[in-house]
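S.K.: Okay, handing you the structure first.
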């Protein structure tokens, strides 16, 4: 290898991560590893380590007990007929769309859908009709909008072969009435896919109770797993199609390209699962804590957007006050990031002051009190500087 390249490689040998005491990042709160998962990460970190006793199908490996986890534990946890491990929620969505829809079909999705819903549909050759949100400040989705969107597309001669609901959405943390959406979709003859990337592993989600036909979840977002990893569950009538086997490679499932996560991601998910199951049972505590935190910030003039009272730990805030302070602050629009970092707080993206999102998930009340105090100090400091 040329010396011009090898001379640059030392930086890759021992990479470190800088993180503050309190991390508010919604992407990361639900994916923080348990001590058991960190131990599994070391034990099973080698590539293909899970395949010591594999007979050709990842989900049928018995040592470690992958088969039991995938075919017994996860279906009971999600309350769904059949489950597989994927590389993430997006891969699960694509597998479902590609197998259940035909190129040129339409899907109906909520207007708050994650960008990966759009990309999965595009990759599968599908068009999208949106159920628009209500706009500022709540950005809610009306379940009846699904009926309108399905019928509008059908009236134009298009086949609607799937509906997608983001539960909750990744911007505002809104939880739509999923059971009502499912009821409407089924009345119109359309299966519903529930994107639970921010719910499965944080809060109770029963596919059967919600009557969702397909559910996808994210291990690295919400199941205390190292990424990338996700789960894909389906009712039997759809599972038979999504998880169909190859005609030529009889023990390989086509949509999953045979085997998916073959090492650390899967074993960290399994090692964390007892903790994940326990924390799901304490979900109401997390909701109460999020509502308290929102009310405290609103007293400082930082306004929570989305549903109120809020029903999820992910929240979106707007603050004209912080934005005005940023105009004269020495570090400009990056001032909030640095002020919080100086106080041991991270997770709000650098450069954001006027609007930002955060999560209170699994953060102790006393740490959230520190965050509230930090915002109070920052606003007071900015006001004094402006007065001078």
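Glycine is no exception: its Cβ is also placed from the backbone N, Cα and C atoms.
What Swiss-Prot shows for this protein is this:
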BINDING   89, 90, 195, 218, 219, 220  pyridoxal 5'-phosphate binding site
MOD_RES   221  N6-(pyridoxal phosphate)lysine
S.K.: Just going by other Cβ atoms within 10 Å, which of the recorded positions 90, 220, 221 has the emptiest spot?
M.R.: 90
S.K.: Give the sequence-ordered set of same-chain residues, not counting 89, 90, 195, 218, 219, 220, with Cβ within 8 Å of the centre of the Cβ atoms defining the pyridoxal 5'-phosphate site.
M.R.: 86, 88, 92, 197, 216, 217, 221, 222, 228, 229, 230
S.K.: If you count CB neighbours within 10 Å, which one among the binding-site residues 195, 218 has the smallest count?
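M.R.: Each of the binding-site residues 195, 218 was scored; lowest Cβ tally within 10 Å is 218.
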S.K.: How many other Cβ atoms sit within 10 Å of the Cβ of residue 219 (pyridoxal 5'-phosphate binding site)?
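M.R.: So the number of other Cβ atoms within 10 Å of residue 219 (pyridoxal 5'-phosphate binding site) is 32.
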S.K.: Cα-Cα, whole number of Å: residue 89 (pyridoxal 5'-phosphate binding site) versus residue 221 (N6-(pyridoxal phosphate)lysine)?
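M.R.: Computed Cα spacing between residue 89 (pyridoxal 5'-phosphate binding site) and residue 221 (N6-(pyridoxal phosphate)lysine) is 9 Å.
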S.K.: Calculate the distance in Å between the alpha carbons (Cα) of residue 221 (N6-(pyridoxal phosphate)lysine) and residue 195 (pyridoxal 5'-phosphate binding site), and round it to a whole number.
M.R.: 12
S.K.: Should residue 218 (pyridoxal 5'-phosphate binding site) be counted as helix, strand, or coil on the basis of DSSP?
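M.R.: In the DSSP reduction, residue 218 (pyridoxal 5'-phosphate binding site) maps to strand.
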